[in-house]
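Novice: One structure coming up, written as structure tokens, with questions to follow.
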Amino acid sequence: MLLEHNNINHHKNIMEKERALLSTEIVNKGIECSGPNAGSPTFSVRVRRKLPDFVTSVNLKYVKLGYHHLINHGIYLVTIPLVVLVLSAEVGNTLTSREELWKKVWEDARYDLATLLGFFALFVFTCSLYFMSRPRSIYLLDFACFRPNDNLKVTKEEFIEIARKSGKFEEESLLFQKKIVNSSGLGDETYIPKSVIMSSENASTMKEGRAEASMVMFGALDELFEKTRVRPKDVGILVVNCSLFNPTPSLSAMIINHYKMRGNILSFNLGGMGCSAGIIAVDLARDMLQANPNNYAVVVSTEMVGYNWYPGNDRSMLIPNCFFRMGCSALLLSNRRRDFHRAKYRLEHIVRTHKGADDSSFRAIYQEEDEKRQKGLKISKDIMEIGGDAIKTNITTLGPLVLPLSEQLLFFATLLWTHLFGGRATTSAEKGSSPHPRPSLSPATTKKPYIPDYKLAFEHFCVHAASKHVLDELQKNLGLSSGHVEASRMTLHRFGNTSSSSIWYELSYLEAKEKVKRGDRVWMLSFGSGFKCNSLVWRSLKRIRKPLRNNPWLDCIDRYPINN
């Protein structure tokens with residue numbers, strides 16, 4: 001009997017936790033036109049899954065990982081001040097005046113020249129060893145984002161009409177896509193490939209894929225080389241990432257062939273790594289630059305929309321059709337110290353998180369065929385919960401690297417107290433479902449753990465523009481203002497979800513608005529299939545003026561921001 005009672009309580013707890021991940025919204029559907037309720041207002045209740053609350057669960061091991069990175073790279077911050085303090089104290093004890101110090105140095109140099117030269121040689125050797133062994137700074141000279149021709153623009157209404165004229169979708173599927181598009185946060189000026197607009201029999205051909213790839217990649221690279229005045233033959237490292245279109249020869253080979261790059265170039269082609277692959281590509285380029293001094297690296301991030309267009313009626317596979325749009329970014333990195341004065345940004349940190357060991361995370365975004373063997377990208381209904389867990393892990397690891405010391409101390413102290421004494425946030429659902437609530441051990445057990453204010457670590461946020469709902473949840477969980485997510489929302493509205501290149505359209509927006517000042521820190525956060533979440537931190541080396549050309553926002557920046 002007791003066992004049965006415990007099982008009932010266990011199932012209740014599971015149901016309450018599942019209910020906590022859902023949010024409800026009452027939607028006014030207008031006046032009923034026909035039927036017995038004609039002339040009466042009608043309402044519906046919309047139920048959505050939301051991100052898990054970052055405040056209520058933080059894993060201590062990810063905080064330890066962040067501090068491990070900090071200690072490895074910050075040892076000089078501890079040892080150098082300590083040595084200076086000891087030497088200052090010693091000099092202060094033995095010498096009383098500046099004249100006495102100069103007299104002692106002169107006498108030592110006069111009567112013990114060998115000792116002075118020995119110390120000088122040791123000093124030069126130590127400094128040389130330090131500067132030779134430390135990682136080279138990686139600079140972002142400039143970047144470019146491709147803007148397609150206006151004849152590829154589609155409004156939301158035109159998008160649904162194109163889908164209807166294709167004859168590939170049932171009426172229920174068309175209504176579902178219309179509902180998703182109208183609530184997606186996309187505007188009426190996004191771009192889709194001509195192969196989709198023409199509604200041909202099969203848009204997913206290698207010919208159409210290569211045509212789209214050539215258009216977006218070469219367009220972005222032409223603009224990049226024009227802005228930086230770097231010749232393609234001067235580039236020593238090339239990294240291209242495209243998740244779902246991977247022809248043979250590769251996309252990186254297409255670029256090398258088109259620009260006739262040099263024969264010893266180090267080229268890489270990343271496939272199947274989702275919307276977070278842009279930061280992974282930058283991480284790979286950084287590693288290559290560390291191993292190859294005095295070099296340039298080009299990183300190209302894109303996705304082929306037409307080649308991956310889903311022509312079936314499975315709702316979970318129709319979602320990507322509604323969000324993904326054309327786009328491509330290209331950036332030029334350098335490890336040359338003489339490029340410091342011409343660079344826009346310096347790379348500070350990269351933190352990568354991969355949840356692929358968990359089966360549900362692995363299949364959260366999964367490419368497969370439907371019942372009619374139509375290829376598509378399937379989105380799990382648990383995507384918000386899975387993505388939230390990956391984001392929570394990533395930002396917890398990033399915290400010790402970027403947060404001010406005061407925030408780190410408060411966060412770590414409350415987290416350690418919670419870990420040692422079992423204090424945690426108690427939800428109303430848990431209070432109501434437990435027939436024998438546990439007594440409070442201390443006042444701290446009824447409080448939520450202190451969550452650091454990431455607004456103190458960064459001036460600008462470039463969060464992957466996946467969807468309006470995702471941005472809403474991230475803004476709420478991270479405590480960001482509307483201004484902090486403005487670039488992400490406006491990018492989603494103007495260009496749609498451009499996959500791994502979206503964070504660069506967001507940085508282009510910030511530059512077009514002249515919001516980036518010297519010394520500002522920019523946090524790029526992206527997430528995608530695998531399930532992966534990655535963070536990239538830049539520091540601005542100069543004030544970025546509004547560009548006069550070669551910016552995708554120039555013709556419309558005065559209209560933004562808008563109320564979406």
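Note that Cβ sites are derived from N, Cα and C of the backbone, with glycine treated the same way.
Feature annotation from TrEMBL assigns transmembrane segment to 70-89, 109-131. What TrEMBL records for 130-416 is domain 'FAE'. Per TrEMBL, the feature active site maps to Cys275, His354, His460, His464, His493, Asn497. Residues annotated as region 'Disordered' in TrEMBL: 426-446. As annotated by TrEMBL, domain 'Beta-ketoacyl-[acyl-carrier-protein] synthase III C-terminal' applies to 459-539.
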Novice: Taking 10 A as the limit, how many CB atoms besides its own sit near the CB of Asn497 (active site)?
Specialist: 26
Novice: Please list, in sequence order, the residues in the chain of His354 (active site) that are at least six apart in sequence and whose C-beta is under 8 Å away from its C-beta.
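Specialist: Result: Gly530, Phe531, Lys532.
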Novice: Cα distance, His460 (active site) to His493 (active site), nearest Å?
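Specialist: The separation of the Cα atoms works out to 19 Å.
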Novice: Rounded to an integer, what is the Cα-Cα distance in Å between Cys275 (active site) and His460 (active site)?
Specialist: 20
Novice: Sequence gap of 6 or more, Cβ distance under 8 Å: name the residues on the same chain that satisfy this around His464 (active site), in order along the sequence.
Specialist: Cys275, Ser276, Ser488, Ser502, Ile503, Leu525, Ser526, Phe527, Gly528
Novice: What number of additional C-beta atoms lies within 10 angstroms of the C-beta atom of Cys275 (active site)?
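Specialist: Result for Cys275 (active site): 28 neighbouring Cβ atoms inside 10 Å.
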Novice: Under a criterion of Cβ-Cβ distance under 8 Å and sequence separation of at least 6, what residues of the same chain contact His460 (active site)?
Specialist: His484, Ala487, Leu507, Leu510, Lys515, Val516, Asp520, Arg521, Val522, Trp523
Novice: What is the number of other Cβ atoms found within 10 Å of the Cβ of His493 (active site)?
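Specialist: Summing over all protein chains shown, His493 (active site) has 21 other Cβ atoms within 10 Å.
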